[in-house]
């Protein structure tokens, strides 16, 4: 006879799935999974049945048919004979253009405003508070519409710029004039800026996808890149010399020479000159044209997002202990150098993660472009293409997929940057 | 006693998708209200009046259908739709019918799965410019900035026209007529293009109407008409014949004012069938015999609707032109009520 009896043989009962902690978590997970799958099935089935009921199929072949409509501003060549796919790409590039420029400008403006809001100058600090509170507390759509209206209503129409011989003889002057030695004209439709052009062309290569690339521009970019590396080399040599001998060689005149000298020589050889915008029958032609739909959207996105970024920057700076500033002052650093060399680099660690979501917001907010008829992805794929082909489901899914991809790319790039500035612990 | 817990099986019930099973006619009757998609604001065709009630040439079609089906032209809920949202709204069942100066085209009839039941206005696309631009023909618009309603046939016609004439232009895409007028008046575009009737309607409301000209070129065919979802043929018949009742009434000289008198005295069997005094026309489309009579009483005949909303006596001042009765050299031709 044994003293200790065998542990009771465990029989599995159904109730154990609920009451036994070993099984309960699995039970809950299985139930949730089943509910999720059922929900997914219902959504897909709903879409399928309703498409069937309307006699519509689900395919993306419409992307390869002729688009038939025109787009005002395109980064790559586009005519109405191109496909809906190309119109999609045109819209996507327009979205990316306004998003990238918007992110850069919003960060610059936001950083300045955020830093100034902490200024000891009472007036400056209060003004920046007003800036932040005004711009972030009014809906973005209203800012976009307001900017569009201001640009369209306050500027003269292109024909007011016209200066005919008859007017010259009569001693009249045109109602409106261009700025900065006739290089910039801002009408109620857009901005025309004198553009650099070359009189001697090296030719143009056509990249796959019918995207022309001027060899002149390519050569200039290669020269500038080479100059940059040359300058880096120069700086490294100077630093090595300084560390070895304690005397820093004179580089102030070498820097601009190395950076811009070769590019200037190449430009002169290629015959660089400015192409001035001139008024024609209806509008300005020549130079670089930028419609107000783009400008209004960019300004609105910038000021709106910069207000949020300013607060993030302020929070980041205030998160750095006051002792850091005092220590820097004790070492004799001036306030501006303290900010640039001591505070901001540390503050970045706090700033970057919330900054990512502001970049994502800005990119997604750019889909409000339709308010000022800027043809972004929402305007081409989600607007005209959707409407002319009647492929609501396909267009919407595709658009969601593209925005999702853009957002994921932005956040992974920013996460890599965040990792690089993280406190290195060894 | 140990309480045992029994597992119920997961019931995946109610997964059948909510497809609108009943016919639109039954839905409308059960609801007691017709939901009609209209233009958000195009004077003469569909625009709210001073009291906020929608009035106009396209709205009259909604009223006629409501009178025919529900017996009351006021039992209509108007849903303002832009050029971009209109077909999606109809396809998704948000509206029962669309009476929103929409062009009947092959791809809309097939790909978009719509049925245009009739043409209530034969139109064509034109251009509007300010006189001081010094343009007298659309062929002189090379390089111009042009306001264009997005999601419309006019958008494609414009592209085709400029291509065919080897000209270039800058499109400014706008959502609806109100935005188009505002942009045009602000000078954001040199020219505004849409259906000629729409241009006339817009011009009528502009403060400087006499400085605005509509260019002579008509660059497309735009047969505008009410549309319903493809597949519900009975509902299509109801809308079609409610509209044709108005056209036939004009042809036979039946007006809102003399309808009762004509009904009492007429010997013409065609008029008798139209007014439901003979035969059982109404029953064949799921209505009663008086449906056409009610429609005519509600809005008047086609000619009356035209004159009251967009005709020569209104500020829009459109001539009948193609929209005259076939007996007057126009294209308005109701199939026989037989």
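Note: Cβ is positioned from N, Cα and C throughout, glycine not excepted.
Look at TrEMBL and you will find A:23-44 (among others) tagged as transmembrane segment.
The domain 'ABC transmembrane type-1' annotation in TrEMBL covers A:92-414.
The transmembrane segment annotation in TrEMBL covers A:96-118 (among others).
Taking Cβ pairs closer than 8 Å, the transmembrane segment (A:130-152) reaches residues 113, 117, 186, 188-189, 292-293, 295-297, 299-301, 303-304, 306-308, 310-311, 365, 368-369, 371-372 in its own chain, all 6 or more past its ends. What TrEMBL records for A:130-152 (among others) is transmembrane segment.
Sequence annotations record features per position, and here TrEMBL assigns transmembrane segment to A:213-234 (among others).
The transmembrane segment feature in TrEMBL is assigned to A:255-274 (among others).
As annotated by TrEMBL, transmembrane segment applies to A:294-317 (among others).
For A:396-417 (among others), the entry in TrEMBL reads transmembrane segment.
Recorded stretches compared: A:213-234, A:255-274, A:294-317; the one with the most Cβ pairs under 8 Å to the transmembrane segment (A:96-118) is A:294-317. Packing against the transmembrane segment (A:294-317) from elsewhere in the chain are residues 73, 94, 97-98, 101-103, 105-107, 109-111, 113-115, 117-118, 128, 131-136, 140, 143-144, 146-148, 150-151, 190-191, 343-344, 347-351, 354-355, 358, 361-362, 365-366, 368-369, 372, 374: each is 6 or more residues past its ends and has a CB under 8 Å from a CB in it.
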